[in-house]
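Working notes, structure below.
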Amino acid sequence: MKDISRRRFVLGTGATVAAATLAGCNGNGNGNGNGNGNGEPDTPEGRADQFLTDNDALMYDGDITDETGQDEVVVVTGAGNNGFAFDPAAIRVDVGTTVTWEWTGDGGAHNVVSEPESDFEFESDRVDEEGFTFEQTFDDEGVALYVCTPHRAQGMYGAVIVE
C-alpha cells in the first residue's frame with residue numbers, strides 16, 4: 001500500500017509540474033517584446049526602426065537623429081559612397097518643422113516618395129541635379145516613411161518621426 005501511495009504522489013507531482021509548464025507556454029504573447037500582441041511596433045521609434053531595418057536602409061545604424069527644436073532640417077539625398085542613401089536616414093522633428101531634402105548629384109536621379117504605411121503623403125520629382133531641393137512641412141504628429149523609388153533595391157530609405 002505504501003508503494004502505491006508513493007507512485008500516486010510522484011505521478012501527481014509530475015502531472016502538476018507538466019501542467020504548470022504548459023500553462024506558462026500557452027500565453028497570448030507573440031514573443032516580439034513590444035507588448036501589443038499584433039507583431040507591429042507600437043511606438044513611432046519602433047515603426048521607423050522596423051521600416052528601415054526590414055528594408056536594409058543604407059546609413060541607418062539604429063540611431064534616430066534628434067532635430068527637435070529646429071524650424072528647418074536638411075536631409076542629404078544621394079549620400080554615402082555610392083550616392084544611394086539619405087543622411088541622416090532617420091530623424092526626429094517637432095510638429096511644424098520643414099524638412100528639406102537636398103540632392104548631392106551623386107548616384108543618379110533620385111526622388112523622395114512616401115510609402116503606403118507612412119502617416120504622410122508626399123512625392124518629389126525624379127532629379128539628378130546637384131543642389132535641387134524638395135521641402136515638406138510636417139503639421140501633424142506621425143511617422144513619415146519614404147523611399148527613393150529608383151534606388152529601392154539599393155536600400156535608399158528614410159524616416160521622419162514628427163512629435
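Note that Cβ sites are derived from N, Cα and C of the backbone, with glycine treated the same way.
Pulled from Swiss-Prot, these are the features on record:
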- HIS110, CYS148, HIS151, MET156: Cu cation binding site (BINDING)
- 48-163: domain 'Plastocyanin-like' (DOMAIN)
- CYS25: S-archaeol cysteine (LIPID)
- CYS25: N-acetylcysteine (MOD_RES)
- 26-48: region 'Disordered' (REGION)
Residue, out of the binding-site residues HIS110, HIS151, whose Cβ gathers the largest set of other Cβ atoms within 10 Å: HIS110
Top of the binding-site residues CYS148, MET156 by count of other CB atoms within 10 A is MET156
Look up HIS151 (Cu cation binding site) in the DSSP assignment and report helix, strand or coil. helix
Which residues, in sequence order, are found in the same chain with Cβ within 8 Å of the centroid defined by the Cβ atoms of HIS110, CYS148, HIS151, MET156 at the Cu cation site, excluding those residues themselves? THR77, GLY78, PHE84, ALA85, PHE86, GLY107, ASN111, VAL147, THR149, PRO150, ARG152, GLN154
Per DSSP, what is the helix/strand/coil residue tally across the domain 'Plastocyanin-like' (48-163)? 10 helix, 45 strand, 61 coil
